[in-house]
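Record features (TrEMBL):
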type	residues	note
DOMAIN	53-390	domain 'UDP-N-acetylglucosamine 2-epimerase'
BINDING	R492, T504, D532, E581, H584, E603	N-acyl-D-mannosamine binding site
ACT_SITE	D532	active site
BINDING	H584, C594, C596, C601	Zn(2+) binding site
Amino acid sequence: ELYFKNLSKQKQKEVMEKDGSRHKLRVCVATCNRADYSKLAPIMFGIKAEPQFFELDVVVLGSHLIDDYGNTYRMIEQDDFDIHTRLHTIVRGEDEAAMVESVGLALVKLPDVLNRLRPDIMIVHGDRFDALALATSAALMNIRILHIEGGEVSGTIDDSIRHAITKLAHYHVCCTRSAEQHLIAMCEDHDRILLAGCPSYDKLLSAKNKDYMSIIRVWLGEDVKPRDYIVALQHPVTTDIKHSIKMFELTLDALISFNKRTLVLFPNVDAGDKEMVRVMRKKGIEHHPNFRAVKHVPFEQFIQLVAHAGCMIGNSSCGVREVGAFGTPVINLGTRQTGRETGENVLHVRDADTQDKILHALQLQFGKQYPCSKIYGDGNAVPRILKFLKSINLEEPLQKKFCFPPVKDNISQDIDHILETQSALAVDLGGTNLRVAIVSMKGEIVKKYTQLNPKTYENRLELILKMCVEAASEAVNVNCRILGVGISTGGRVNPREGVVLHSTKLIQEWSCVDLRTPISDSLHLPVWVDNDGNCAALAERKFGHGKGIENFVTLITGTGIGGGIIHQHELIHGSSFCAAELGHIVVSLDGPECLCGSQGCIEAYASGIALQREAKKLHDADLLLVEGMSMKEEEPVSAAHLIQAARLGNARAAGILRTAGTALGLGVVNILHTLNPSLVVLSGVLAGHYAGAVRDVIQRQALSSAKAVDVVVSNLADPALLGAASLVLDYTTRRTC
């Protein structure tokens, strides 16, 4: 609110001079319950802060005015909004008929209110039955409707209500790209759709670092610590009330057995809510020492509670939407939200039909910390919505136009705040250089930054954060929306936790390092980390020769030898995250010593380090240089000199390369006999020198059934960065239990 007030003071004088005769847009915001107010309040603050453009009328109805649900209209008054009208529209009852009667009562009362207010536009949120009454009344009275959060899919009767409101609404503000596509598929006019993100995220993303311990103590007790309590919020499913009551009973039993302090919020006003409250009281929840049962928690305090909880459980949309901003573990019970897009933090228990199943989910999720998810917003929704409201032309015909297929390519309004190109921040942590790039969904490297990799842990992490922040800021200028950060690094990596377990000798002080947490906390973005060989395989799967191939292997031939395995379209990590250490396949029992401590590894023959070692031996014996070659006195001997010598006719150099190619080929044969891939991709600076030798060895040594494999050289310019980007761009967010 303070931000919008300050902004208003700075611009008001100039705007009034230019637009003194401008018609103020009269906006009616109608709020029905605590949940929709959390989404509408940021918009209301923004409208109130620009009185030169808008007049705000607030209508309150539904459960806001019921004592059993906390009389939550008071929080609207506490936010210093003038409530123009209060409508008592809830018909007491415990079945579906009471909901229908409540809609009917609202339809009876609303026309008089709207006749008095005569708003230019009404803002309606979500998918509640109260919102359907609001949209119906406004549409029939020729009042323009702006619908917030249309196009989403949850999995209950709410879907039908939400889509019905969509058809009544004239303008749409959606939160995700998928929701936008759904609205387009429903034939809504693409010029009247704004992809803004969820308004509540404007507050969420700045809330976590505020003082929270006093809030935790007030609601859960003096002895409760962060990450050591549970927030439970479960609503009845009106299409299957009996089952949802049973599921709530099982949930409470599991929570009692789990024996952690738990804050239980009362359910929404829906058919079956009273029975759920009776279940709570029957089990003594309100008097149980481990439980706190409350009707309402102010939104600012609620987000602090879920941000620092050990887990949230239930079936509230808040669990799959807002809580992802903090990476708090969530257990979503039943089918009420299973259609929604979710972050990595959400575990679905769709058939929550036993106490043990729910208890097992609690054991899996409690106390974890996941990457922060920004699926539903980036913290800039309200400025976009206000700009969208200002762009509405009241002179346009009121009658809606539907855009029937085919859908136009340009599917959203051109608002300069909206970042159209979905992209990833890719980080390549090499032995010499640290590189960060903005990579688009199509694999285009939009912008790249390179710095020397510092030698110490602290300096290295500081530089990564600095470069990522710089790249994320630049993304706005190049019209890119950053979905997450992918990191490619050498060594053994636990991708589930985002931890580098053991690094290569080229990257010092880089073992047991948690990369995910500091970067995710700093950027408010999800972060994925994986081994550079695995990233190369992912790059080929998304952008290279492996696209559409079910089973293939990528071999990196550079300073070392690494690789990645794609089996049935999925990357293989192994039980201890050391699958695809292909450079350490042994091809000779008495071969040269490898950096891993073994002998006869492929890497000891065919890596850049191995070729450099052999080149030095030839040079020391004065057997490297041939006619056409020259070296400066201080110039270090490298693998490139060995390759050059072989090309110019040095038989010894050619023999070393032939041996290296044979060793690599034998390793590939072992891979063929173990995994039977249909494709082998050679990547890295030495790939072109080895391809012919590898094919020859396969024809000589492989079983006839494996000889048909394709061996190709990668055509990707930067597989490390593209692979790191693929970690983000290809990640699937939904998990089931």
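Each Cβ is built from the backbone N, Cα and C atoms, and glycine gets one as well.
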Whole-Å Cα distance, H584 (N-acyl-D-mannosamine binding site) to C594 (Zn(2+) binding site), is 8
Integer Å value for the Cα distance linking R492 (N-acyl-D-mannosamine binding site) with C601 (Zn(2+) binding site) is 18
Expressed in Å to no decimal places, the gap between the Cα atoms of E603 (N-acyl-D-mannosamine binding site) and C594 (Zn(2+) binding site) is 7
CB contacts under 8 angstroms to C601 (Zn(2+) binding site), restricted to the same chain and 6+ apart in sequence, sorted by sequence, are I561, G583, H584, I585, V586, V587, G591, C594
Around the Cβ of E581 (N-acyl-D-mannosamine binding site), other Cβ atoms within 10 Å, all chains included, total 18
Using a 10 Å radius on the Cβ of C594 (Zn(2+) binding site), the other Cβ atoms enclosed count 22
In all the protein chains shown, the tally of other Cβ atoms within 10 Å of the Cβ of R492 (N-acyl-D-mannosamine binding site) is 19
Rounding to whole Å, the Cα atoms of E581 (N-acyl-D-mannosamine binding site) and C596 (Zn(2+) binding site) are apart by 11
